[in-house]
Amino acid sequence: SMSADRRDVQEKQLLNHADDKEQRPLPRRSNHTGNMSQSQPEKKFQAAICLLLVELCERFTFFGIVCNMILFCTVKLGYRNYQAAIVNMCFVGTSMLTPVLVGWLAECLVGRIKVVCICMFLHFLGTALLPVVAFPFEDIYIDRRHILHTLTKKEQKIVFYFALLTASLGIGGIRAIVCPLSAYNLEDCGLKELLSFFNWFYWLVNLNSAVVFVSISYIQQSVARNLGFLIPFVSVLMAMITIHMMRGEMIYKPKTDSSLLTTFGVIASALKTCCVRYRYFSGGVTNWLDHAKENCGGRYSETQVESTKSLARLFPLFAFQILYRTCIMQIPSAYYLQTMNSNLNFSGFVLPIAAMNVISIVPLLILVPILECINSCLFSSKKSRHSPTIYIVVGQLSAALSVMVAGFSEIHRKHFPQVEQTLSKEVLLVSSMPCFHLAPQYILLGVAEALVTPSCSLLSFRLVPERIRGISMHFLTLFNGAGCFMGAFIVQTVHTGTRGNWFPHLLHEGKLERFFFFLASLMMVNTLGFWTIAHRYVYLNQEYAEEFRGSLPEEKLLQHEKAIKFYDSVLDRSPILPPMEAT
């Protein structure tokens, strides 16, 4: 019959795919093997250095914008505090979402090299437009002559928002194509190796961020007026390194086994078929996503639907990260406002606000080596059922505690008398409380990041089939970006509902601590909610992982093909179907 012939063709294609996979060369960072095998390690080392430099430049430009945005919006553009916080969180959220969008465009529509070139141009355009609106602090100086800007406030805002949009699109292209997580060879790693990789990967990312924050703090302290021009200069430097990587074929090209469109298509098809069947007649499927299968009235293969089902099991995990990410976003928003309204003077030395961000990174840099020792002990036993979900629960508790401490710090801060402090040539009335009194809330959020982010990445990577691991990491990024926009929504709602009392423009006249207590209570409920479903992601040992991923027809065929090659004979030693399925 036609269906039998088509099934035979599909099985042959899958087995051919298995042969290709077996014969794939070990160096996976490039599809080109190079002229000589001796030059391969050298090329890998050069690619790693270029990757590190590009990421360093990208983070410098990104944090250079984020660290100064609230001060610029409030002082230069005349925004209220809540408006500046919303703009900052939306920029960070957009920068998180654009890698997913740009990655999809590169794979499906435009092409990777073209997208890299376009994003580099957009990144430079965005960063070059910032000095036009006097970002971050100073007007333009040429030959010691002070040139005032002639742009009106409305024109400044238009140019500023256009610059932010183009810069975020450029950042998305760099993160998605030049510095993707999939560039690292993680296919054959076990649970212990994966957790170790994610711990050290985020340790390096945060070490990179600490270097950037220290550099920005020094520049703000010594040559602040040049920071606006330094950001586009770093963008040009990053573009030159990226061009060198493109010429040397050092940019990683991932496999395109699955796509976001396929995943969304399966979900939409299942919902459509499910609604039709619910309206007219009941169906007999075990999972609502099965409605998208070809044999159940849908138009997607069993492999695609089973992959989407394994991904859908992670949606509750992703959903509980939204409010957690909102808490993390308090560092560049509400915590920044607290620091800005505290005493930054220490014996004549004015501490840059960006320096406080380093305090939140230090706990992570200290904790990761300690966690590595703990993980080594916990995973030493093969029968260990240790799961990183406990890290997520403790980390989310730490985030809730941090926001609660911020509320008490705000009450404490308002008990100090006010003093005058000059920021960006503007004299502000601030609390005389030293800003280091705010350190505990920064430290607690740093502890939360050390525990939550690597563990979530591990679960997102581990609990799905190999062919959709990239899609799973994209979804985690999408939900993290949603957390930034959720933070902006909460700030807007709280400000409107309390008429500015819970997120005031003048902190000493409002009740910002109530906003913190409200967010802390939401985060506690979020933590309890995740704790109730954490058991779904507990069993991460090798046997469970294989059982979880082995339900896909493609992976079953690949396993059987390996068995055939190993035993030489299917009928004698390795039956195509296990005994339970044969009966």
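Including glycine, each Cβ sits where the backbone N, Cα and C put it.
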Out of 86-106, 317-337, which range is noted as transmembrane segment by TrEMBL? 86-106
For the transmembrane segment (60-79), sequence-distant contacts whose Cβ falls under 8 Å of one of its Cβ atoms, 6 or more beyond its ends: 85, 87-88, 91-92, 95, 123, 127, 130, 133-137, 153, 156-157, 160, 164, 167, 171, 209, 212-213, 215-216, 220, 227, 230-231, 234-235, 238, 332-333, 336-337, 340, 353-354, 357, 423-424, 426
Tell me if the transmembrane segment (475-495) touches the transmembrane segment (86-106). I count contact as 3 or more CB pairs below 8 A, with pairs 6 or more residues apart. yes
Long-range Cβ contacts under 8 Å made by the transmembrane segment (226-246), restricted to residues 6 or more beyond its ends, are 47, 50-51, 53-54, 57-58, 60-61, 64-65, 68, 113, 116, 120, 123-124, 127-128, 130-131, 134-138, 170, 174, 178, 216, 219-220
Top partner of the transmembrane segment (389-408) among 200-219, 349-368, 442-463, 515-534 - counted as Cβ pairs under 8 Å: 442-463
